[in-house]
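So that you can see what the record holds, here are the features copied from TrEMBL:
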type	residues	note
ACT_SITE	A:Lys80	active site, schiff-base intermediate with D-ribose 5-phosphate
BINDING	A:Asp23, A:Gly152, A:Gly213, A:Gly234, A:Ser235	D-ribose 5-phosphate binding site
BINDING	A:Arg164	D-glyceraldehyde 3-phosphate binding site
DOMAIN	A:6-211	domain 'PdxS/SNZ N-terminal'
Amino acid sequence: METGTSRVKRGMAEMQKGGVIMDVMNAEQAKIAEAAGATAVMALERVPSDIRAAGGVARMADPTVLEEVMKVTSIPVMAKARIGHFVEAKVLEALGADYIDESEVLTPADEVYHIDKRDFTVPFVCGAKDLGEALRRIQEGAAMLRTKGEPGTGNIVEAVRHMRIINGQIRKVQNLSKDELYHEAKTLGVPYELLLGVHESGKLPVVNFAAGGVATPSDAALMMHLGADGVFVGSGIFKSEYPEKFARAIVEATTHYQDYKLIAEVSKNLGTPMKGIEISKLDASQRMQDRGW
Amino acid sequence: MKIGVLALQGAVAEHIRSIEAAGGQGVAIKRTEELAELDGLIIPGGESTTIGKLMRKYGFIDAIRNFSAQGKPIFGTCAGLIVLADRIDGQEEAHLGLMDMTVARNAFGRQRESFETDLPVKGIEEPVRAVFIRAPLIKEVGSSVDVLSTYKDEIVTARQGHLLASSYHPELTDDYSLHAYFLKMAEEAAAAASR
């Protein structure tokens, strides 16, 4: 009997496929998310848009938030640790978090090294904006990936960009000859063996979700069309006018992303979505996607 | 044999790959109309609360009960096992309520307690590589249910006539023996129906 194997960690993410993972800040929101059909919740003290507004250093949430959410839900509970902050991650593992997000939404704790995620029994999800980042995170032990997008903006453009970049790079790698692969591994800064795997299979070896800017049911469906295995919705749900209805609509649009009549139906009368931010108006220091390397 | 995999949420592609490796044809099923053309149905792993909700929403509860009433085989893994059960520990409402058994969700604990192991299964020659992920357990079964395997004295594989259920994920490995076993069930059911 073996725990924490790569198969057990990656398998957990496989079970999330086609699903929606929702940010929640307390037990009440967690219950709404579960009732709406979320496949997991991310327990946070503040959603990304509030972190953005508050400024300062964003850290791991108070453990009581995680405990409170775990107590009321039967679905998996995820939590965020700062990039490189392996002690926050160990604390989350000790608390019983089912998945840890080493996240650029929080202020990085290390400007060089990410967490050695193989040193944990619980699986990790990490953000990536290109194939190099994706494969470096996998080499460090990430069992699931997500696009970085630009969290807390309600603007899907960056998640689309990151998904398209990764897809494009995968197609390019597929068409390289074996000798060109050595050079490409050096250029991307990734291990040759992982790149060879992508060359042969034409896909990433772990599940890849969309995250960072999903604000409507159509946004979720768009990301599924672009090849996302599922969707993270952060600020979108509980910053909208009718969170319950909105959460259900996102779940349905993710399952039936090719059924436009259904998406039209669930998109009706959702009230005012979160306001959203134009990416070019963001100061360079406020771009969360540039955190992590 | 054409085997459908219910594709509302969860590990659909893995089951299709395993069924094809075992010699069958696998298709993803998103609408109730698509059930008509199948010889068997797999309800995959995922989140049972999500899958159950979407099944209700899109009319799959009655459609799959109907499919089962025709004697067509159904295989539920992990969340799929929960969905098949008559009784769910601590929950008032079951989903399909087709198999005479009581199941407990997340019976092994949280993700850090998830594991894989070699598991002997009645009717399959070699032990099956079984991946348990926040897995459920079968607490008790009715007299018409055949227990195919136990792990530490708890029931983890069971069969009731044309219905098969496992707590674990055979689709996450390169061991296709349980899928081959299910394909045989589908062949037998098809042969019985044409007689």
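Glycine is no exception: its Cβ is also placed from the backbone N, Cα and C atoms.
All TrEMBL annotations are machine predictions without curation.
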Enumerate the residues of the same chain, A:Asp23, A:Gly152, A:Gly213, A:Gly234, A:Ser235 excluded, that satisfy the criterion Cβ within 8 A of the mean position of the Cβ atoms of the recorded D-ribose 5-phosphate site; list them in sequence order.
A:Val47, A:Pro48, A:Ser49, A:Val105, A:Pro151, A:Thr153, A:Gly154, A:Gly212, A:Val214, A:Val233, A:Gly236, A:Lys239, A:Met274
Tell me the Cα distance separating A:Gly213 (D-ribose 5-phosphate binding site) from A:Arg164 (D-glyceraldehyde 3-phosphate binding site), rounded to the nearest angstrom.
15
According to DSSP, collapsed to three classes, what secondary structure does A:Gly213 (D-ribose 5-phosphate binding site) have?
coil
Ten-angstrom check, please: count other Cβ atoms within 10 Å of the Cβ of A:Gly152 (D-ribose 5-phosphate binding site), all chains counted.
27
What residue among the binding-site residues A:Gly213, A:Gly234 has the most other CB atoms lying within 10 A of its CB?
A:Gly213
Under 8 Å Cβ-Cβ from A:Asp23 (D-ribose 5-phosphate binding site), six or more apart in the same chain: what's there?
A:Val41, A:Met42, A:Leu44, A:Val47, A:Pro48, A:Phe232, A:Val233, A:Gly234, A:Ser235, A:Ile237, A:Phe238
Local backbone state of A:Gly152 (D-ribose 5-phosphate binding site), from DSSP in three classes:
coil
Could you tell me which three-state DSSP class A:Gly234 (D-ribose 5-phosphate binding site) falls into?
coil
Through the lens of DSSP with three states only, how would you label A:Asp23 (D-ribose 5-phosphate binding site)?
strand
If you measure every Cα to Cα distance among A:Asp23, A:Gly152, A:Gly213, A:Gly234, A:Ser235, the residues said to bind D-ribose 5-phosphate, what is the biggest one in Å?
13
Could you list the residues of the same chain, at least six apart in sequence, whose Cβ is under 8 A from the Cβ of A:Lys80 (active site, schiff-base intermediate with D-ribose 5-phosphate)?
A:Met42, A:Leu44, A:Met60, A:Ala61, A:Ile100, A:Asp101, A:Glu102, A:Ser103, A:Val105, A:Leu106
